[in-house]
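> Below is a structure I'd like to ask you about.
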Amino acid sequence: MLSYIKRKLSESDSGVSSVATVTSSCGGDSGRAGGTGSSESGTGSSSASISGRSQNADELVRKTSQMSMDDEAIAFGEDALLHELGYKNQTELQETIYDLLRGIRDPEKPCTLEDLNVVYEDGIFVMPPTRSNVSVVRIEFNPTVPHCSLATLIGLCIRVKVERGLPHNIKLDIYIKKGAHQTEEEINKQINDKERIAAAMENPNLRDLVENCIKDEE
């Protein structure tokens, strides 16, 4: 950013120098008629203007450097979007999501998904935002066996838990770890299809299963 500011101000200074040169040239015969005094005066005025702008540039760079060194660093792009959502950086968002996932209970066993290594911190990825500037998070999970019949239910539990747990809009992509399930492609489509998700949650039996898996421990 500092180099950008210097460059823009340098361009501005070049513009001033060009104007001064053109003005001096346009003076033509009248400038010569008036002697060298007016020419020297014009040159001195131009030099003073450029010097003033140079000092302003240095001051702006100094202030910007100081702001960057403060605790509240200047944020750009994806980091700025995360700041708007209340996170210092990607790591804080990843940790927040993992705290939601770690307590989800397995549909069959008396364990959490964290206990079984179905979910893990390295499986949470903050992706570039959408064109409409919505944050995107990808969650990867690893079923305990390649033929796990409850993989779709687990994916649904992950989605519902995170969407309810975060107080802001986010695009959530959930995928089975590559090669971890025999029908991973079909399951990935199901757990990322809004219509299928809505239909599944309208089923009272399936909804009860999800609620039991994601409810907080008392």
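Every residue, even glycine, has its Cβ placed from backbone N, Cα and C.
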> Name the residue among Ser14, Ser25, Ser68 that Swiss-Prot annotates as phosphoserine.
Ser14
> Which residue from Ser65, Ser149 is recorded in Swiss-Prot as phosphoserine?
Ser65
